[in-house]
């Protein structure tokens, strides 16, 4: 497009668009943000807005779409949620003061991962920006990768380096980043790839927004220099990432992106994200912290989904998830902390014990718990407020919220004065500077200031002498105007005379047209309306000028005082953030204590051995959804020296097998996140991973059938589980033919019991697997029992030793309302199948076994040496599942 064919304004628009080709450019024109060309068409389609046009010069009309400036947050939130980046161009001077074209500049770039505005964020979820650097692997070695992620709204910054594509995808699934940065060496051009776009980076899920960046900021030397310069370091040893080059590269690329999207030339805030405040202080993002995957209990995406940790499987709803049961925290920052703990349980028994101790103290002191809850209720989101003041973007109401929250710190310190646990004791140490800052904010700002900075109404009386003088002058002049109405009525004899004001004409004298003949000669007619005439006088205009000038000075002075106060708060951002993190942890543990009291949870004993003992365990979500006392508790014991490693669980459909599996997994996760658990007693060995294979779904996007998905997930478990893992399997093999399914189920159970030795519960309708108990010493049979009546069955939901020999599928079909002819025919077919089943005959006849071939090719797996004693047992497995 030839710029010479465009109007000057459109030339400027096109020039800015070339600087931000991958963002939607919102161009401020008066009271609207306008978009043109393809941006207008895209936004019109995405937001269902009217697409209009505008004359652009010699090329004629071009597509145009606009949003009102006062509705910017609402529309911007929708676009960011859809994965778009926004470049916001604002007017930098009033239109009536411009000499020629109004000066406009891009003041901020908003991308899905760089959002700071409260309206664009979810209160109880982090908004992570991630950066990934990958080195391709080979058949002999897995790929290596570095990951950095940050939430610039809360000040979190973490780095990690590991290997394996699956492990990288698991971390991304845990974080659910709003945006992922990749260097262009990943094989695609620069730009933003929105969620669901088929043009995704090779080998990565397409559910995230990817931003392809220049490779240079991700180079090791450049990234090291960026990190050291940003944080004033001479080396990276203090950060713990000196020996993690891929993590350093990812962190450097992430910092460069933030510098670019929040650079001083593009930001109207007093300071930028990574620029220290004038008073010293720290950058908005603190130095990154390093972690290892092995520090935490690993939960893959399938396990998080199957156990419904944060949302239900069917509706994707929060209500009905484990987090719904647990989240009794009183603040948004406490809710975010609890969510992180749930998705990243610990493996460090000492850290777990510290959390348990805090919950225990709150449980044993109801008065402390009640008063603490009341104080937490009065706190605002200090984590995000810290970063809002740190970035210089906090509005007056946010600063008032900060002052109010800081003012509660002395009360919190007094409340926990006799606390015994370290976390509560840490609240006793209050930074006097933060208390003083809170008082200064409360003494400076009015309690309910307007959201707009430049319209006054911010500062309390008595704070600034010059401001008080100006306000007094305005008040005196306004009193004169008010008295003018009475004096002019008396002087003119017009009782309906009024003094009015509007932005177009300022002050005026309003007189009805019926009395217009009584108007004094010195009145100057300004406007004629249907029923009234409006006049001004020289004296009234003089007072108006004084009032308006003084009001402008007042607004400017209030703005200056507010910015000074915000900068003072910004210099304390790091201290506020540290206090906020402590309070968030206390709030999360307070919520867990509340749940423990309300639901009758107990403190689990965490051990370093493999024992998993749960007495009268309960499913936390199902229990809460039922009337009190109706849930039937059940026990389990795995991994003991003389107990089973694998339980074969049989029982009817609808009896509660899946609930039993899930509650075991949930109790283990709750224990390792530091929570109390829904059980009478629990003694749990620390797990390294929890695996689940529950439910059946297909994956149409990748062309995988239900059974293929099931086999992929099962293969993942068999190749990665170890003896410290917990494995929960439900109906392996049901998605294919009976013989194939039974064979696979048998082989999987056998492999888990003899090779992996993970603590496993294997729910199945293949009752033939009950034979494993007699063949393998570390396998036991359990069943979910029912009570049979003459015409129906009653589900008791009780798990007891022994194997079931019926699934009662026809009875469940009858309960579901299948037509009676179908039920009768099913019973006839069942009788024939049971009588002539070659599977049943083979098992009853106990034929000879055929040992598995040792030279079969299989997926790579951890090096496992079979126990010779177990090998001897394999020869006892009945072979004629497929008799000759």
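Cβ coordinates come from backbone N, Cα and C, glycine included.
Note that the structure is a prediction, hence the values are computed from the model and not measured.
Per Swiss-Prot, the feature ATP binding site maps to 651, 652, 653, 654, 655, 656, 657, 658; the stated evidence is sequence analysis. Swiss-Prot lists 843-884 with the feature region 'Disordered'.
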Least Cβ-crowded entry, counting other Cβ within 10 Å, from the binding-site residues listed as 653, 655: 653
Of 651, 656 (the binding-site residues), the residue whose Cβ has the fewest other Cβ atoms within 10 Å: 656
Cβ atoms near residue 658 (ATP binding site) (within 10 Å, other residues, all chains): 19
Other CB atoms within 10 A, centred on residue 654 (ATP binding site): 18
Local backbone state of residue 655 (ATP binding site), from DSSP in three classes: coil
Cβ within 8 Å of the mean position of the Cβ atoms of 651, 652, 653, 654, 655, 656, 657, 658: remaining residues of the chain near ATP: 784, 795
